[in-house]
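K.L.:
Mind having a look at this structure? Questions to follow.
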Amino acid sequence: MASPQLCRALVSAQWVAEALRAPRAGQPLQLLDASWYLPKLGRDARREFEERHIPGAAFFDIDQCSDRTSPYDHMLPGAEHFAEYAGRLGVGAATHVVIYDASDQGLYSAPRVWWMFRAFGHHAVSLLDGGLRHWLRQNLPLSSGKSQPAPAEFRAQLDPAFIKTYEDIKENLESRRFQVVDSRATGRFRGTEPEPRDGIEPGHIPGTVNIPFTDFLSQEGLEKSPEEIRHLFQEKKVDLSKPLVATCGSGVTACHVALGAYLCGKPDVPIYDGSWVEWYMRARPEDVISEGRGKTH
């Protein structure tokens, strides 16, 4: 059983810096840069990683470690694929994984990989609070170049409780067995601002609640306190004592909702992996709620 320290969802930049300076026997640490950006931003996450990263970090490619047979972006891979990929990045059964990204927000895509490790049964995983942005602000050391972690043996077993499918969400329109929170920007949720992907109109799934993922972060890019997050959920009438599912555009920022709930003592929030892209492509026009064009065919 992992120590409570290893199960903490967030670790500070100073904690990571100290752990790198003085590694603990029997508790190997592996940092992963899980930076990912929407194509329209024109940022090359891997190239940026090679230019600068936290010492000892390896690059985790969300698109590469995915189900490449799916028509939808970066859907969860099979257990064997994930195990092989994580092992190549130096993650073994006893490894404490600390994930960050280099986004301007502080954390953007890293919570997706935090959720992936947990979904595949590895709970010794944390996020670097504030990401690379906060690390830089603390003037902590950096490295450059490609990383070459020593491969490790990693075993993965998917817990299906971490995922919801299109069919689950569709059935929930009638049954209302669980609440659904959408973490996209308000304009995209309402249908008044464009989606970043061609061929996908903005809008939302009927009955969903909108909490943009940036609402979970402070101006400095650090995660808000559990008290502030609890208030955020309460403001939107989300009951953390009842089942809750998170969605977004393609299953990345939804993981901020799962993280926020986890910090409030609710570790069981699954992600609708296909999220809005899948819903828009598969749902009936009347199940696409929008103040804009909606779905016309």
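Indices start at 1 and increase along the chain as displayed.
For all residues, glycine too, the Cβ spot is worked out from N, Cα and C.
When I checked Swiss-Prot for this same protein, it listed these features:
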MOD_RES   Lys40  N6-succinyllysine
REGION    145-160  region 'Hinge'
MOD_RES   Lys146  N6-succinyllysine
MOD_RES   Lys164  N6-succinyllysine
BINDING   Arg188  substrate binding site
ACT_SITE  Cys248  active site, cysteine persulfide intermediate
K.L.:
Which of the recorded positions Lys40, Lys164, Arg188, Cys248 has its Cα closest in space to the Cα of Lys146 (N6-succinyllysine)?
P.N.:
Lys40
K.L.:
Using a Cβ-Cβ cut-off under 8 angstroms and a sequence gap of six or more, which residues of the chain neighbour Cys248 (active site, cysteine persulfide intermediate)?
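P.N.:
Sequence-distant Cβ neighbours: Asp182, Ser183, Arg184, Phe213, Ala254, Ser275, Trp276.
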K.L.:
As a test of the contact definition, list every same-chain residue at least 6 positions from Lys164 (N6-succinyllysine) whose Cβ is closer than 8 Å to its Cβ.
P.N.:
Val245, Pro270, Ile271, Tyr272, Asp273
K.L.:
Within the region 'Hinge' (145-160), how many residues are helix, strand or coil going by DSSP?
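P.N.:
Residue counts in helix, strand and coil order: 1 helix, 0 strand, 15 coil.
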K.L.:
Could you state the whole-number distance in Å separating the C-alpha atoms of Lys40 (N6-succinyllysine) and Arg188 (substrate binding site)?
P.N.:
15
K.L.:
May I ask you to report the DSSP-based helix, strand or coil state of the residue listed as 'active site, cysteine persulfide intermediate'?
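P.N.:
Reduced to three states, the DSSP call for the residue listed as 'active site, cysteine persulfide intermediate' is coil.
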K.L.:
Taking the recorded positions one at a time (Lys146, Arg188), which has its Cβ surrounded by the most other Cβ atoms within 10 Å?
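P.N.:
Most Cβ neighbours within 10 Å: Arg188.
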K.L.:
What is the pLDDT of the region 'Hinge' (145-160) when averaged and given as a whole number?
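P.N.:
The average pLDDT of the model in the region 'Hinge' (145-160) works out to 95.
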K.L.:
Counting across all protein chains present, how many other Cβ atoms fall within 10 Å of the Cβ of Lys40 (N6-succinyllysine)?
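P.N.:
I count 10 other Cβ atoms within 10 Å of it.
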